[in-house]
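Presented below is the structure to which this report refers.
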Amino acid sequence: MSTTDSPNIKTSNNNFDIVRLILALVVVFSHIRDLNNINSRFFSIFSGDFAVECFFVISGYLIIRSFKNNQNIRKYIFSRGMRILPMYYVSIVSFFVILFFISHLSVVEYLKEGGIRYLVFNGVFLNFIQPSLPGVFVDNPRISAVNGALWTIKVEILFYIFVPFFVLFIKKINRHIIPIFIILILSSIVFKWIVTDYHQILHIPEQLVNQLPSVLSYFLLGGLVNYLDLSKISKKTVFWFFIVSAFYLLLSSKTSLDLLVRPFVIAGFILPICLQRKFLISVPEKMGDLSYGIYVTHFPLVQLLIAVGLYNSFWLGFCLTFTSLFILSFISWHLIEKPALRFAKSAGKNKVVRGV
């Protein structure tokens, strides 16, 4: 998911903050549905896959724009780390401690039977190796994983690593930039198509469909916008591209054709909403940017409420989920994320002054 706070983009001039908040809530709705095994027409409209794809496009646009405008690699690495890591680790450790109390195990058993492995592998973003904690969520209806949403953080970090190499490479050659983007985008799409349709024949892990390079097309389509001369693209063209993309998303089904065109459609749908300036919806500054806090805490929170029986009355669990999420994400932003961003910004200025 996109966690970017680009210093080069004033959030008052676009809809990035509100869109990211809405997308985070869409992911929450989809996981409430999935983790409770709900078959409801209302909940079926919330697609976690769609929201994550939109996050990737937004991240591609913002991250590439940020590094393109300021190519200080040390500052880039530090600021990206301070944006994504503090709350990530707070979430992992906090739920590790909280969930011990519903495991019915001793401290030694909790640590030896998977607790230490959980901390180690989740700490290095290999969540899939140890997704569960011993004695935790074993009776939940769907899965016992503690936080099934964190797989995107690994993808996001890999993209952070990719960006400096890519941006500096195209800056050095300084030509054929758009064709390079298109070649990489199409290569990513073809790779995903091969994994989706031929993973059994080729003995390729099917899980690669949601990893790099399969999802690189979404990031790069977002990033490509930074290299286009938008002044030559009429608002009417953008509007109709948006309309066609919206209708496609409403009517499409998962086919080989969808795999090929979906990244373009997602980018054509979400970026006009974020970048248009006619209908701006700002998130109150006092509330803060809650999207990342919501994203990294919602999954274990829903699992916990299911485990203790509060989703036996669905609407009670539902209301408690969102009440708790907004409280947790508000605290997260004001006590963890915002101070970390301020520290990264001040540290970056000090390094510049010292000639680093």
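Every residue, even glycine, has its Cβ placed from backbone N, Cα and C.
Unlike curated entries, TrEMBL annotations are predicted automatically.
From a predicted model like this one, the values you see are computed outputs, not experimental measurements.
The average pLDDT the prediction assigns to the domain 'Acyltransferase 3' (14-332) is 95. Per TrEMBL, domain 'Acyltransferase 3' is recorded for 14-332.
The transmembrane segment annotation in TrEMBL covers 42-64 (among others).
Within its own chain, the transmembrane segment (84-107) is flanked in space by residues 3, 113, 115, 118-119, 122-123, 133-137, 146-147, 150, 153, 156-157, 292-293, 296-297, 300, 304, 307-308, 332, 336-337, 340, which lie at least six positions past its ends and keep a Cβ under 8 Å from the stretch. The transmembrane segment feature in TrEMBL is assigned to 84-107 (among others).
The transmembrane segment annotation in TrEMBL covers 119-137 (among others).
As annotated by TrEMBL, transmembrane segment applies to 149-170 (among others). Outside the transmembrane segment (149-170), and at least 6 residues removed from its termini, the chain residues within Cβ reach (under 8 Å) are 1-3, 27, 31, 52, 55-56, 59-60, 63-64, 67-68, 71, 73, 76, 80, 84, 88, 122, 125-128, 177, 180, 210-212, 215-216, 219, 223, 227, 295-296, 298-299.
Per TrEMBL, transmembrane segment is recorded for 177-195 (among others).
Per TrEMBL, transmembrane segment is recorded for 215-230 (among others).
Taking Cβ pairs closer than 8 Å, the transmembrane segment (237-253) reaches residues 50, 261-262, 264-266, 268-269, 272-273 in its own chain, all 6 or more past its ends. Annotation comment: TrEMBL describes 237-253 (among others) as transmembrane segment.
The transmembrane segment annotation in TrEMBL covers 259-280 (among others).
The transmembrane segment annotation in TrEMBL covers 292-308 (among others). Listed as Cβ neighbours of the transmembrane segment (292-308) (distance under 8 Å, sequence separation of 6 or more from its ends, same chain) are residues 1, 3, 21, 24-25, 27-28, 31-32, 35-36, 84, 87-88, 91, 95, 98-99, 102, 136-137, 139-141, 145-150, 153, 317, 320-321, 324-326, 328-333, 337.
According to TrEMBL, the transmembrane segment annotation covers 314-336 (among others).
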Selected stretch (most C-beta pairs under 8 A with the transmembrane segment (215-230)) from 42-64, 259-280, 314-336:
42-64
Before we move on, state whether the transmembrane segment (42-64) and the transmembrane segment (259-280) share at least 3 Cβ pairs under 8 Å, counting only pairs 6 or more apart in sequence.
yes
Cβ-Cβ under 8 Å with the transmembrane segment (314-336): same-chain residues at least 6 beyond its ends
28, 32, 36, 38, 86-87, 90, 287-294, 297-298, 301-302, 305-306
Surrounding residues of the transmembrane segment (119-137) on its own chain - C-beta under 8 Å, 6+ positions past either end
89, 92-93, 96, 99-100, 102-105, 109-110, 113, 143-148, 150-151, 153-154, 157, 207, 303, 306-307
